[in-house]
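First the structure, which I've put down as structure tokens, then a few questions once you've had a look.
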Amino acid sequence: MISSIKYTPSLLTNSTFSSTKLLLPRSQLSIQPTIQNVEQTMALSLLSFEKPLYLSSTKNFALLNKPKRKNVTECQAYEADRSRPLEINIELPGEEAAQKVKIGLYFATWWALNVVFNIYNKKVLNAFPYPWLTSTLSLAAGSLIMLISWATRVAEAPKVNLDFWKALFPVAVAHTIGHVAATVSMSKVAVSFTHIIKSGEPAFSVLVSRFLLGEAFPMQVYLSLLPIIGGCALAAVTELNFNMIGFMGAMISNLAFVFRNIFSKKGMNGMSVSGMNYYACLSMLSLLILTPFAIAVEGPKLWAAGWQTAVSQIGPNFVWWVVAQSVFYHLYNQVSYMSLDQISPLTFSIGNTMKRISVIVSSILIFHTPLQPINALGAAIAILGTFIYSQAKEK
């Protein structure tokens, strides 16, 4: 119970505290606390335990008059069941390391699949020199794989309309030409030579963008083309098994893939399709474009005769070679397009350069391709120029 305060005039002397003590029997004392006023202007208060306390104002009580605090920061806490995640974009060290591992796996898979494809593709072309049919089978295998994936819901089918296919058509035309030209090149020359010439694709990209599209580039980009062009020229001149059809096939493939990239940037801008589904649609449309031309250029009669010859010479393994080169062609391209969703264009260009090195070295070792030191120097200069170009363009 709160005690009351009552002033007793007889206990006051000259507005000072009296030293008179209040004597009460021990039994009448209460353990309740004594409230005293610390203001010097107030008199000593006598505690009463008989009446309740009625306060009209508390401004004279120092203990109840709390000083005001300035610049107080109010903190609020969430209960455990009402907690929310912080909306702050912070990459934790663990997440950054996981992303690096993911990109590394993309690159390793991309390079491995590309090496395997080039090996089986060259084996098939050595025994079955019909690059138009071989190119058609590669696109057909990829289209079939994706149709099955969509039907079984292993992969989500893209939601595309007629405008998407219209925009994709010029991209598919350029992709078809580049794919067939590269296959024709590898049917005539060594795999290593085809990829050395194809490393000159950045030179075509800059020249087409400059003279046809009017784009300007910094001086360091133009200077980076010198080692690319010089290295490719040196490798071509010193190639022991040089073939003009093979050389022109690689050059046409470079030019076609440059236009494919240009059409893709212009026509597909703003369309939301994943890299995997984008390449699947590209393969299907390219297959429709290529099939009638393959029949017209080579035809079923040549294919049947060549197939019998290859099976009689190689045996049943030839069928496995055809299946492997078709499947691995789609897989390595699919992984490369999927990696574009995860990495920057610069990182992709560097990865593409390293991919060519792995293909060139592995094909030389597996097929025992004769290589002169000057030829190897030309290849090294061209590849180094490709790397310098990717760095200069990014800056």
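Using the three backbone atoms N, Cα and C, a Cβ is placed for every residue, glycine included.
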Would you please say which range out of 317-335, 374-392 has the annotation transmembrane segment in TrEMBL?
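Range annotated as transmembrane segment by TrEMBL: 374-392.
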Please report, as numbers and ranges, the same-chain residues at least 6 past the borders of the transmembrane segment (103-120) whose CB is under 8 Å from any CB of it.
186, 191, 195, 321, 324-325, 328-329, 331-332, 335-336, 338-339, 342-343, 347, 351, 354-355, 358-359, 362-363, 366
Is the transmembrane segment (219-238) packed against any residues at least 6 beyond its ends, judged by a Cβ distance under 8 Å, and which are they?
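Residues 193, 196-197, 199-200, 202-203, 206, 247, 372, 374-375, 377-386, 388-389, 391-393, 395.
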Can you name the far-off residues of the same chain, 6+ from the ends of the transmembrane segment (132-151), with a Cβ under 8 Å from a Cβ of it?
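Same-chain contacts beyond the ends: 121, 124-125, 157, 179-180, 183, 187, 277, 279-280, 283-284, 286-287, 290-291, 293-294, 297-298, 303, 322-323, 325-327, 329-330, 333-334.
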Do any residues, 6 or more residues outside the transmembrane segment (244-263), come within under 8 Å Cβ-to-Cβ of it, and if so which ones?
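For the transmembrane segment (244-263), the nonlocal Cβ contacts are 170-171, 174-175, 177-179, 181-189, 193-194, 197-198, 200-201, 204-205, 208-209, 213, 236.
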As a test of reading the model: what is the averaged pLDDT for the domain 'Sugar phosphate transporter' (102-390)?
91
